[in-house]
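Straight from TrEMBL, the features:
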type	residues	note
DOMAIN	42-63	domain 'Zinc-ribbon'
TRANSMEM	105-125	transmembrane segment
TRANSMEM	197-220	transmembrane segment
TRANSMEM	232-253	transmembrane segment
TRANSMEM	274-297	transmembrane segment
TRANSMEM	317-340	transmembrane segment
TRANSMEM	361-387	transmembrane segment
TRANSMEM	435-456	transmembrane segment
TRANSMEM	463-484	transmembrane segment
TRANSMEM	504-529	transmembrane segment
Amino acid sequence: MYCKICGTANLDHANYCLQDGAVLPKNKKTATLGFQKSKSHFCSNCGKEAGDSVNYCMACGTSQTAYQPAAETVINHPAVPAAKMNSTSVKGLFSGFSLSLLKKALIPAIIAFAFMLIASIGAYLPIKDTLNSWFIESLNNESFEILEEIGSDNDLPEPGDLYGYTDTVMSAHLASPVFHFQGASEYMDMAKGSAGVNFLPIFLFLIPAAAFMLAGYLFGRGEQTDSLAERFRGALCIGAIYGILISVLSLFSGFSYKVTTEGFTISMDAAYPFFQLLFTGLIAGGLLAFIGTLFSLEHRKFTGHLQGRIPFGSSLHHGFSAFIRIFAVFALLFTIYAAIKIQELKDSAGMLSLYEPLWKLLENAAFFAASVGFQFGSFVLGMIHFVPLSFSGEGDGEKFELGYSLYTGFYAEQGSSVMDAAGINTFLEMNNGPFFLRLCIIIPILFLVWGGYSMARSTGSSLLNVSVFSLVYAALMAILANVSAYSVRTTFNGSYYDGPANEFFILGVNSLALFFSSFIIAFACAFLGRYLAQWKSAQ
């Protein structure tokens, strides 16, 4: 079956064209009208007598013939077995991918990767000295339990820069390192351990996000067709190529430190997750590159091109746009607030200036303010959706949880101190901090109501459209909560410990709880916006 708009060959049982999404006719009907001579001898209009051989009344011109429908012939397509339908559907889905498409995506992907590497230099230089100073002081001032176990009094050589340029690149792609430690001596058994640290400045993700959209824009400008399917396949090719490049770079990232002397051996290294980076490049890179291809169609729209061209396109567009606008406002507000507080701290640093790493960090106020603003803004954004910010963990066989809700205050569970929670809560209430943070709920409410209103005014909206809108917003909120959380997980084994010693700590907003609360809030606000649009149309 061929599409009547673009001429693309489609499967016989297809409902829509694989190329442009046009509706394909399911049935072909042929019908004719049978001619029949009227049996009346008088005109039905004027009553004059009409002869048998005339087709029209001689007095008024009314037709003296009659028509009756002939038998209708309906041509149905033959039924396709389910197994054959599944195989042909999968084949049709991937039929658009070709070597030529991969070649067209290669150059934009390489340009995007090079752009990301260059932009990451600007993010690395302001913080390299600060972070490396922290790492060195931690090694010199805080004795590792592994070194205590092997009982070495030797002065170990400094490991050099533990935080390098490639670590900034990995952090920008939301990849956290896993540290591995190992030590042994002639007096003690081998001790080893690992530590996974998730402490990512999420604002660095703006670098690869811009690179992905640049690649999509370049691909879209070179693409002759406006087909969304073709552009989406090209964006996935860009994501796949980029994912391979960044995952290969991860093999050369991290650090390795090993010292072997007479009587003891110690080694330490850090590595990054290969497959996580491959997945990030494919999925996140593919989606953002697709947005870049949409921007190349018309520079005034991004996801707005989805409206009317794909099922639930309006819901996807407005749900995504609402999230981006809300998060951008929160990030900007708290970045400005952090910059003001950092300047106040620099003016009254006093003895803090003696602590060199902190002073270096304060000197790079722009980087520090952006990092704190984006991170704290994401926390507050989750908290105003009625999900508390919690600090929980497990260590020495005990569990604890301490949390703060904007609406109910601090709470402490299990091994946490209730008195500490009450004291912090009283301090915050005295400074009116929670009151101003609660006012921030106005921001998402306004944008979500506007999203529901715009969706109803543009293409109309049913409850199903409102549900998809809410689902998109809730999913993005849950992803934000997951990537913005801070966590540390450590494991040590050795004769110094009575079995494996495991510790785990996490600071953040529960992503699952945030998903459900965001969905409910977005649905209620979008429904209100839909009602306002219907009310205005009725005026």
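For all residues, glycine too, the Cβ spot is worked out from N, Cα and C.
Nobody curates TrEMBL annotations by hand; they come from automatic prediction.
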The transmembrane segment (197-220) and the transmembrane segment (274-297): do they have three or more Cβ pairs under 8 Å, with pairs 6 or more apart in sequence?
yes
In the predicted model, what is the mean pLDDT computed over the domain 'Zinc-ribbon' (42-63)?
71
Is it true that the transmembrane segment (197-220) and the transmembrane segment (504-529) have 3 or more Cβ pairs under 8 Å, skipping pairs fewer than 6 apart in sequence?
no
Under 8 angstroms for C-beta pairs, at least 3 of them, ignoring pairs fewer than 6 apart in sequence. Is the transmembrane segment (435-456) in contact with the transmembrane segment (504-529) by that rule?
yes
With contact taken as 3 or more Cβ pairs under 8 angstroms (pairs 6 or more apart in sequence), are the transmembrane segment (463-484) and the transmembrane segment (317-340) in contact?
yes
Other parts of the chain folded back onto the transmembrane segment (504-529), taken as Cβ under 8 Å at six or more residues beyond its ends:
319, 322, 379, 382-383, 385-395, 444-445, 448-456, 461, 463, 466-467, 469-471, 473-475, 477-479, 481-482, 484-490
